[in-house]
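Noted in Swiss-Prot for the protein shown:
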type     : residues : note
ACT_SITE : 757      : active site, charge relay system
ACT_SITE : 834      : active site, charge relay system
ACT_SITE : 867      : active site, charge relay system
COMPBIAS : 1-10     : compositional bias 'Basic and acidic residues'
COMPBIAS : 21-38    : compositional bias 'Low complexity'
CARBOHYD : 200      : N-linked glycosylation site
CARBOHYD : 352      : N-linked glycosylation site
CARBOHYD : 643      : N-linked glycosylation site
CARBOHYD : 811      : N-linked glycosylation site
REGION   : 1-53     : region 'Disordered'
TOPO_DOM : 1-92     : topological domain 'Cytoplasmic'
TOPO_DOM : 114-919  : topological domain 'Vacuolar'
TRANSMEM : 93-113   : transmembrane segment
């Protein structure tokens, strides 16, 4: 569930970790634009197809029909024939009833036309509304097609982004990038000099690494799914037959490709079919370290043999790769192996899961274990026993070990003042120079940080820095891997090695420079009531410049800045005169960068030159022309960014209004939230997602507020939720909803809330706290319902252990079934094979509802689906269910089924009425 924001979890499916990401909102309520949040999380691929056509057009599917309307004609005709033989009185009654029905139908039809979908505003008009002075936004009489759910799920509204693989040249040249694709003449895999892309410098030609996308080895065709060139660009590491494991991890067959001969061989020639979990180039390009069956191996390219670095890895011991909880909640990746810069040492984790309890995840259709059942056992589910530590249970014991490449020796270094084995979480490892390495660790509850400096040559270590974050502001340490080593360079004013880290400073997260490496006192590079994001992005060692992304302009924006290494001359690289959301990826020497503009207008990407005082644009590599055409053709919602104040805290809000919004009408309102600690959902990225579809096609208002606990609004607002997840967050949702309910254009009797993962928990917690007073409906997907059921590392970071905070866990659990029963109705959906938020959460909730005789809910399970709910078309089904359920809610259908009673047919009611009218 790693989401602390800016990374994972940025779709409606927000895995709970997520991640970290950002953007900035205006300080007024008059700003509207077209930005939204991306539907799909970083590691999540869009649904691979458009899901085909619908059985009914949108107008048919959501058309209001009176119950029984289609069945009226035949009984009516029959009764009229009978009445004809009975005299004029019956005929008069018949025609009176016909006229009444016709009048009712006409009235309903008029109401449908005036209260249904309005004319659609084009995207260009919505873009013009960006500078609107009216707090109500702007409207347009122009027409445009509504956004469809098929488009959203099929990824048609996703911007195109290119990932550039910057590499250093063999002679440390800057501005080189790896590009994949193209014909045989261009080369499938090549290294380009960015300065040659303009076509005015023929002296810098591309170097082709692979001519073809398919490689043949002993008559076998190898189709690589990913490639990694060696640092000297003479070899390429290939992976084929890649299979996903968990969110970030995978296995595959690895091959070493020789550039000169254009031939390949297995990474381990003695075991060509062995599935490898991880492979990493040596900085010297002469060896590859890899993990197979949880053991580390070294392959020197000068030999076909491999050296076993470890031998006892297996089911309970992991070497070089993380276990489930470290992969999900700490590293956000598949590697815990690090080469030293001089290629003399390898650092790696030894993870002991012996004491970690197992949780069974069942699969009823697929067999992800790959095990073929014995004859007669085919009808039993496939069960994966996951070592999954829950709060208060034993955690994996993780140690840092080292391998001396020359001596072929594994060793560890004992450090005084280290955390105990059961109280240690290693969150970052960073090699410095001359065999020195920095290690950042926290205690189990993630509120004490310790930084150690280890010398692998002398095999000694010491504590160099410690921070009691809980004592500072009641907060926690968020795991990150963005610390940067800054080597000594006396000629450039750096007499000692140092590093740049992100630290809490006056209530916000800022950049600090520590030098020498053992200096506990920092030189602050940034300060103020704003925060840096995953910083620093890069360090220019020649000019002493630090590049970073920050929220200096507003919490919902991201701009790129640079500052001198002494903390002076902080300046933006991007245009801060208007709202923007940028990301950046720098070349090896920081002379060039890939600048990505993500919103609020149409996203684009460009290569920039940072050598001078002013940046220059080298090449525009993506302008999303197709997306521009779609924006012009479709009626996107107008987005109004504003702030609200709740209990003295300023919170960011975005309101998505239907096209051609009419303030004289009354609109239903859907609140969408995630709300996890450090996350962000209100930002200035261009996004067309499920919320956009709801506003554009269904005609409802969608509101999102980032309440207390979320990121980039200061540590005071963020840390207040610690130990009591859900309380302040739900309070802020309800308080904001009450503000919207009081607006003249809102129908306060039709308000709903929905979310996924942590957002699912927040949906239920909000309904529980609200008890039907503000929200009538809710939709929770893959929710946590009791934090004792989630994983230990994430949960204890924000809740402490259950032993230290039993009341907090009780308060955060969904327990008040009577309060939930006050809602009109709510929906809960869950993947039956969710390895992240276990199905246990929803099943225990259902049991509580049963025991309390609560029936005002619907539930849906998806077999073999994990937290993202994708298996066998499930992702499409989830969103169609959400859409249909919401329409039924706002159409009043759930009121009709609250207390069902048998009903006689209309024909029987008619006959009874006629008898009563007879003399």
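Any Cβ shown, glycine's included, is placed from N, Cα and C.
Feature annotations (Swiss-Prot) mapped to structure.
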residue: 352; record: N-linked glycosylation site; DSSP (3 states): strand
residue: 643; record: N-linked glycosylation site; DSSP (3 states): strand
residue: 757; record: active site, charge relay system; DSSP (3 states): coil
residue: 811; record: N-linked glycosylation site; DSSP (3 states): helix
residue: 834; record: active site, charge relay system; DSSP (3 states): coil
residue: 867; record: active site, charge relay system; DSSP (3 states): coil
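Nearest by CA distance to residue 352 (N-linked glycosylation site), out of the recorded positions 643, 757, 811, 834, is 834. The distance from the Cα of residue 867 (active site, charge relay system) to the Cα of residue 834 (active site, charge relay system) comes to 5 Å. In this view, residue 811 (N-linked glycosylation site) is surrounded by 15 other Cβ atoms within 10 Å of its Cβ, with every protein chain counted. Nearest to residue 811 (N-linked glycosylation site) in space, judged by Cα atoms and limited to the recorded positions 643, 757, 834, is 757. Every protein chain shown contributes to the tally, and the Cβ of residue 643 (N-linked glycosylation site) ends up with 16 other Cβ atoms within 10 Å. Across the structure, residue 643 (N-linked glycosylation site) and residue 757 (active site, charge relay system) are spaced 25 Å apart at their Cα atoms. Put simply, residue 834 (active site, charge relay system) is 11 Å from residue 757 (active site, charge relay system) when counted between their Cα atoms. Taking a C-beta cut-off of under 8 Å and a sequence gap of six or more, residue 834 (active site, charge relay system) has these contacts in its own chain: 361, 782, 865, 866, 867. Taking the recorded positions 352, 757 in turn, the residue surrounded by the fewest other Cβ atoms inside 10 Å of its Cβ turns out to be 352. Over the topological domain 'Cytoplasmic' (1-92), the average per-residue pLDDT in this prediction is 35. Note on residue 867 (active site, charge relay system): other Cβ atoms within 10 Å of its Cβ, all shown chains, come to 26.
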